[in-house]
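Enquirer: What TrEMBL records for this protein is below:
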DOMAIN    14-264  domain 'Protein kinase'
BINDING   K43  ATP binding site
Amino acid sequence: MSRAVSEDLLAGRYRLDEPIGFGGMAEVHRGWDTLLRRHVAIKLFQPGFDPSAVRRFDNEVRALARLCHPGLVAVYDADTEGSTPFVVLQLIEGGTLHERIADGPLPLEEVCRLGAGLADALAHVHAHGLVHRDVKPSNILLDEEGTPHLADFGLAHLTGATRLTRTDHLVGTAAYLAPEQVLGGEVDHPADVYALGLVLLECLTAQREYRGSEVEAAIARLHRAPAIPEHLPAFARRLLARMTSTEPQDRPTAPECARILSAVATPAALDSAPPLST
């Protein structure tokens, strides 16, 4: 049941300010929590959206409510105003990783630091029995210190959510799908590790590995492995190759990725890092 409607405040509590992001079925606004007196992000879903979208809304709220990790965007509240569902989230104001990559390749040390934080966040997600299913640069927010926060759990834990349908429509982001997602197979934690591997590779090259239309980008990974730059240290080449392996069972777990990347996230550690063993 929705709360009483205030003429001026969303749910009688939240002031809605300027929009800061848009999606296919939702838009995100900067807002102000008048009760706790703090800035927030408010994700508004289109009024009267279809039942599958309602399920995604419910899924996102429930998924986020179970999680508490510094590498995840925190959920503060959720409700429905009239016919418009909304979620109140932690406001992260440093932009997205997608925007950061647009400025050019990131240094290896920074990529290791970002990767360690994201892998640790995914480890927390996976420990709660969830799969994010849509890890990509635009779903990674950077705070003012450059710390990454994984956002947008709208596809999390939806059985069969990211696959090609009979009409070639893809739910999720084609450029970062794991091969098993493209083939319509079971999607589990290794799919998130695969996507993170592509994200880290994109950080290093400032180029999306699989480009083209949704179908072209999705199918491309079935025909060739990602091109990992030869100039990278052996440990980085080996880790990225493992993370983006075609076979899910050959990929490292998120905790393993976090451990490896954390151990080399300084210049001194990078200089002395040995090649990864198989």
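Glycine is treated like the rest: Cβ placed from N, Cα and C.
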Enquirer: For the domain 'Protein kinase' (14-264), what's the model's average pLDDT?
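Expert: PLDDT averaged over the stretch: 88.
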Enquirer: Going by DSSP, is K43 (ATP binding site) sitting in a helix, a strand, or coil?
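Expert: Once the DSSP labels are grouped into three classes, K43 (ATP binding site) ends up as strand.
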